[in-house]
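Colleague: What follows is a single structure, and I will ask about it in a moment.
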Amino acid sequence: MTEENIVIEDNDYDKRRREALAEIDNAKFGWFHIRTCIVAGVGFFADAYDIFAINLVVIMLGYVYYGKNSLPPDVDLSLKIATPIGTFIGQFGFGILADLVGRKRMYGVELMIIMISTFAICLVANSYVYDPNSKTFVSNAKVISAQGLMLFLRILLGIGIGGDYPLSAIIASEFATTKRRGAMIAAVFAMQGFGILTAAITSTLAVVAFHSSISATNYSSIDYIWRIVTGVGAVPAFIALYYRLTIPESPRYTMDIERNINKATTDISTVMKYGKYQPREEEVIIKVDAPKPSFHDFFVHFGKWKNGRVLLGTAFSWFALDIAFYGIGLNNNIILQSIGFLGDGKDPYETLYKASVGNIIIAMLGTVPGYWITVFLIDIWGRRPIQLMGFAVLTILFIILGVAYSRLMSINWLFILIFTLSQLFSNFGPNVTTFVVPGEVFPTRYRSTGHGLSAASGKLGAIISQVGFFKLKDIGGAPGSNAFLNWLFVIFAIFMFSGLIVTYFCVPETKNLTLEDLSNEDQKGFVKGIKPKLEVNDNNQVNNNDQVNNNDQVNNNDQVNNNDQVNDNDQVNDK
């Protein structure tokens, strides 16, 4: 078998690639697209549940371990930044890995991490030793501390959650039709709203269920409640795991990174015809000559201002948004407490019930509607206008909350209304679009990496925001006074305005454009030809480890030599 035996027009593969991509882009929206959204979205439901349940759990932990409605500031801060730290690591790491080894190979791994860490968190406790003097077991937190163990496990949980961001966004993006791509990606992310709402509802139901056993002198039931609230977050992850493990590889990855157009076109036809993936064996795999991912190529690509500007825009706008989104989102109860909504904290049932109900109100009136308004309008209005509008409105709302804070504190309903509007326009605004756009604007070989870098920039903002919030909130007053809270809203407004400016200059509109058009790379001639070597295995398939050398020799246990002799235990002589 020689290279001369293979007569193929190189341009045929370039044309086939463009035709295959067009088949995905112009496909009729069907069950496979809906299934992809559900499978990816359930993961985000679990992600948001686990991230924002800490809002309520820290109050419960305060009663259980410290006998009051809050944790010490350093413990509170460490638990709240643990998950964003892990998320930062997961977004960065999984983003790169999904481009290196494939979307399918990594998809599901992050859910396993989420499930294991969530179940483990439910079981944490201080270690106990037997005291012969009192003849009882006493806590020995110096050996194993519940808070220290929870800190580690929430970082691990964050790594799993972080991995979900680039993987789910890219899988939804690469399987979507051009016309509905924005809605598909946004719908995946919008499941966060239901996750946040469900966490608050679960907390409310658990608190009500244990009402009779909760009192100012008995906190033992609260120890059950926080474990129940936490554990429920693993259920949706468990449900979605099988479907994630069986989802097909993205044809764009197969085509542009594995450079196997034959398999990609077959997968596309199968998925579009049957609405699901049905693997089939091929006789021959021919790898094409197309741009390959590498560190050098990465820096060359993003070293061009037209490409680097886009990465800067997606990364900074997400960073700016998360400064406020997580600064507020993980501290809803501190804000509600500062306006007197939670009471004095002496009655644990009243405090926990009001905290849970307050989060339900904010989620139902602001968070959930904001997500789904974006889903319905993103392919009509566009990503860029929604992001610009959201940043502009948030700038104004945070200035109002900051400047008029002292007056609004005495008018609870008005404060909650404006605060809820800020949640509405966070989600009907940059919180969704900063997730959608990075899944569209980068070439396939760096799409997951680019999304991971952008998302990790956001979580860096979340970490900085949490540290800043706790270090600054009491300036000018006693510890726990939240005397600086009004100026924190002003700081958030400044970051929203910076996000507005960067979006205007650096973030492109992606509506009705194909992923390849958005990659800033010429698609005609993208495939230069075919690789000059074939690789054959026992099933007549070409493998990455098998190669044809200059002597026309094929190796994969079977060997074809220059005398045309085939060996695979049996020999066939071509005479």
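We count from 1, first residue shown onward.
Heads up, the Cβ atoms here are built off N, Cα and C, so glycines get one too.
Copying in the features that TrEMBL gives for the protein in this structure:
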COMPBIAS  537-575  compositional bias 'Low complexity'
DOMAIN    36-511  domain 'Major facilitator superfamily (MFS) profile'
REGION    536-575  region 'Disordered'
TRANSMEM  38-65  transmembrane segment
TRANSMEM  77-97  transmembrane segment
TRANSMEM  109-129  transmembrane segment
TRANSMEM  149-172  transmembrane segment
TRANSMEM  184-212  transmembrane segment
TRANSMEM  224-245  transmembrane segment
TRANSMEM  310-328  transmembrane segment
TRANSMEM  360-381  transmembrane segment
TRANSMEM  388-405  transmembrane segment
TRANSMEM  411-429  transmembrane segment
TRANSMEM  450-472  transmembrane segment
TRANSMEM  484-507  transmembrane segment
Colleague: If contact means at least 3 Cβ pairs within less than 8 Å, sequence distance 6 or more, would you call the transmembrane segment (149-172) and the transmembrane segment (310-328) in contact?
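Modeller: Stretch pair does not touch.
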Colleague: Mean pLDDT, the domain 'Major facilitator superfamily (MFS) profile' (36-511)?
Modeller: 89
Colleague: For the transmembrane segment (484-507) and the transmembrane segment (360-381), decide whether they are in contact, meaning at least 3 CB pairs lie under 8 A, counting pairs 6 or more apart in sequence.
Modeller: no
Colleague: Compare 77-97, 184-212, 360-381, 388-405 by their Cβ pairs under 8 Å to the transmembrane segment (450-472) and return the stretch that comes out on top.
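Modeller: Between the candidates 77-97, 184-212, 360-381, 388-405, the best contact partner of the transmembrane segment (450-472) is 77-97.
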Colleague: Six or more residues beyond either end and a Cβ under 8 Å away: which residues meet both conditions relative to the transmembrane segment (360-381)?
Modeller: 179-183, 186-187, 189-190, 192-194, 196-197, 200-201, 204, 332, 416, 419-429, 431-433, 436, 511-512
Colleague: For the transmembrane segment (388-405), I need the partner stretch with the highest count of C-beta pairs below 8 angstroms, choosing only from 38-65, 77-97, 109-129, 310-328, 411-429.
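Modeller: Most Cβ pairs under 8 Å with the transmembrane segment (388-405) come from 411-429.
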Colleague: Below 8 angstroms Cβ to Cβ, which residues of this chain, lying six or more residues outside the transmembrane segment (224-245), approach it?
Modeller: 35, 39, 42-43, 45-46, 49-50, 53, 56-57, 60-61, 64, 107-108, 111-112, 114-115, 118-119, 121-123, 195, 198-199, 202-203, 206-207, 210, 352
Colleague: Which sequence positions outside the transmembrane segment (109-129), separated from its termini by at least 6 residues, show Cβ-Cβ distances below 8 Å to it?
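Modeller: Same-chain contacts beyond the flanks: 43, 46-47, 50, 90, 94, 137-141, 143-146, 149-150, 153-154, 156-157, 159-164, 167, 227, 230-231, 233-234, 237-238, 240-241, 244.
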